[in-house]
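S.K.: Residues annotated as transmembrane segment in TrEMBL: 13-33, 96-114, 120-141, 148-166, 178-203, 215-233, 275-293, 300-320, 326-347. The domain 'Glycosyltransferase RgtA/B/C/D-like' annotation in TrEMBL covers 78-231.
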Amino acid sequence: MKSFFAHPIFKDIRFWIVLFFLIRMVGITNPPLEVAHNWRQTTGTMVTRNFYEDSANILYPKIDFAGEKTGITGMEFPLLNYLDYIVSEVFGYQHWYGRLINLIISSLGIWFFFRLLKRYFTQETAFNASIILLASIWFAYSRKIMPDTFACSLVIMGFYYASRYFEETQRKWWHLTLYAALTLLGVLAKLPTGYLLILYALFIFNRQISIHLKIVFFIVSGVILAPIAWWYFSWVPYLVEKYQFWHFFMGKPISIGAKELIENLADGLKHFYDAALKFVGFGLFLVGLLFAFKKKNKLILRILGLGFAAFLIIALKAGFTFTHHSYYIIPFVPIMALVAGFGIAGFKSKTLQIVFLSAIMLEGTLNQLHDFRLKEHERAFVKLESDLDRFSKRSDLIVVNTIDNPTPIYFAHRKGWVASNEQLLDETYRKSIQQKGCKYVVILKRYLGGDLYLELPVVVNNADWVVYSLDKVSHK
């Protein structure tokens with residue numbers, strides 16, 4: 001085994017980045033229906049499609065499940081969705097462009113992660129950490145239509161160019177410009193990735209770096225943080241207030257978040273030892289931490305200490321939401337991968353290093369392959385639009401019994417409401433949405449919903465859904 005993996009190609013991180021890219025291209029055109037966070041994906045694809053079919057103003061993102069309202073609301077800066085829209089303008093709208101864009105940027109992020117680490121650690125550590133990151137939770141999320149790994153990759157690229165700005169004599173302004181642009185876009189696309197900026201303290205408190213460089217860096221950083229603050233703390237609240245639809249979660253008071261974290265501590269910790277790197281990877285993260293203390297590697301300990309302290313604020317602001325959604329751990333995974341990669345490099349036996357890396361890759365990827373496959377009852381959703389087109393117009397408002405999951409609204413290619421079965425059984429609720437323009441009730445039988453009988457005219461009834469008409473139904 002050792003002689004086989006001694007071939008130069010297996011030591012080249014570019015080989016593994018390309019290999020993992022090709023693996024994740026399998027099913028890249030799948031509709032966003034995988035069980036894990038299909039709602040996050042379809043919320044984004046709604047925004048993209050509305051840019052394409054309606055207004056392309058990036059300042060006014062629009063979703064489809066706001067009932068009779070415009071759907072304009074505050075949300076994460078829709079950078080990934082807008083790139084998807086731009087590609088759609090050239091080739092026509094397809095949801096999977098978002099998957100491909102994310103995969104390309106996230107793969108480039110691994111390359112820059114490797115190049116960044118190689119500046120401060122051994123090539124072995126950089127290589128190990130990059131392989132671990134490839135097989136981590138990033139493996140699945142880098143092909144979802146979600147901005148998490150996409151944004152984190154942009155911030156990592158920004159770090160790479162910032163390091164060159166601080167430490168190289170040539171092309172400083174070019175490196176500073178790239179730092180500013182990439183960091184601005186990354187943090188705009190996903191605000192929690194901003195916690196990584198705490199690591200710039202390692203440059204700021206480095207006495208070997210001139211004060212002039214630090215002052216310029218501070219000024220430029222202030223310039224890029226201004227639009228980020230404006231978007232999330234001024235524009236998002238403005239959109240919510242003006243268009244009267246709240247969608248984007250901006251966290252909660254730290255005291256409440258801390259209480260919720262303690263109450264759900266087991267689920268929160270699971271993100272670290274399971275979701276992030278899986279069990280073998282987490283075990284080697286602990287080994288790396290032990291080696292860092294034993295060898296007194298101050299850089300590793302400072303990165304981990306600063307990173308964890310800043311990331312803890314994200315967790316405290318999110319509270320229960322952090323424990324409930326595994327993607328919240330994604331911005332912290334590069335730091336965990338670095339520590340685990342350092343741990344593997346600490347073993348003198350090359351065979352043992354290969355065994356550990358192989359185990360991490362196998363456990364990480366095999367436990368996420370389910371994300372590449374869609375079951376028959378999940379794929380059925382792609383027929384919902386054509387079913388509705390037989391008797392209704394795209395402008396007709398609908399309600400779907402998915403409680404708070406908007407995925408069927410996206411596949412129906414209509415606007416409307418999501419509601420629970422209990423709400424739909426309530427005649428007062430049905431009358432309310434009917435008065436607001438709702439014409440059809442879609443009851444999902446197998447996936448995301450639950451069968452429900454209503455005393456209303458039936459328009460469509462099949463194995464997957466039944467559609468009731470509210471049009472011209474009178475209420476006493």
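Glycine is treated like the rest: Cβ placed from N, Cα and C.
Automatic, uncurated: that is what TrEMBL annotation is.
Quantities reported herein were computed from a predicted structural model and do not represent experimental measurements.
Map these features onto the structure and tell me what's around them.
M.R.: Same-chain residues lying 6 or more positions outside the transmembrane segment (13-33) and placing a CB less than 8 Å from one of its CB atoms are 41-42, 45, 94-96, 99-100, 103, 107, 110-111, 114, 126-127, 130-131, 134-135, 139, 142-145, 365, 372-374, 378-379, 381-382, 407, 410-411.
Across all of the domain 'Glycosyltransferase RgtA/B/C/D-like' (78-231), the predicted model scores a mean pLDDT of 97.
Same-chain neighbours of the transmembrane segment (96-114): 13-14, 17, 20-21, 24-25, 28-32, 41, 44-45, 48, 80-81, 83-84, 87-88, 126-127, 129-130, 133-134, 138, 142-147, 149-150, 152-154, 156-157, 159-160, 334, counting only residues six or more beyond its ends whose CB sits under 8 Å from a CB of the stretch.
Residues 79-80, 101-102, 105-106, 108-110, 112-113, 115-116, 119, 138, 141-142, 172, 175-176, 178-183, 185-187, 189-190, 193-194, 196-197, 199-200, 203, 206, 209, 213, 217, 327, 330-331, 334 of the same chain lie 6+ residues outside the transmembrane segment (148-166) yet bring a C-beta within less than 8 angstroms of a C-beta in it.
Packing against the transmembrane segment (178-203) from elsewhere in the chain are residues 76-77, 79-80, 147-148, 150-159, 161-163, 165-166, 209, 214, 217, 220-221, 223-225, 227-228, 231-232, 299, 302-303, 306-307, 309-311, 313-314, 328, 331: each is 6 or more residues past its ends and has a CB under 8 Å from a CB in it.
Outside the transmembrane segment (300-320), and at least 6 residues removed from its termini, the chain residues within Cβ reach (under 8 Å) are 192, 195-196, 198-199, 201-202, 249, 251-252, 254, 256-261, 263-264, 268, 288-289, 292-293, 328, 331-332, 335, 338-339, 342.
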S.K.: Taking a Cβ cut-off under 8 Å, which residues six or more beyond the ends of the transmembrane segment (215-233) line up next to it in the same chain?
M.R.: 77, 162, 165-166, 176, 179-180, 183-184, 187-188, 191, 194, 197, 200, 203-204, 250
S.K.: Report, as numbers and ranges, which residues of the same chain sit near the transmembrane segment (326-347): CB under 8 Å and 6 or more residues beyond its ends.
M.R.: 36-37, 40, 113, 117, 121-122, 124-133, 136-138, 141, 146, 148-149, 152, 156, 190, 192-193, 195-196, 271-272, 275-277, 281-282, 284-292, 295, 297, 300, 303-304, 307-308, 311, 314-315, 318, 353, 356-357, 360
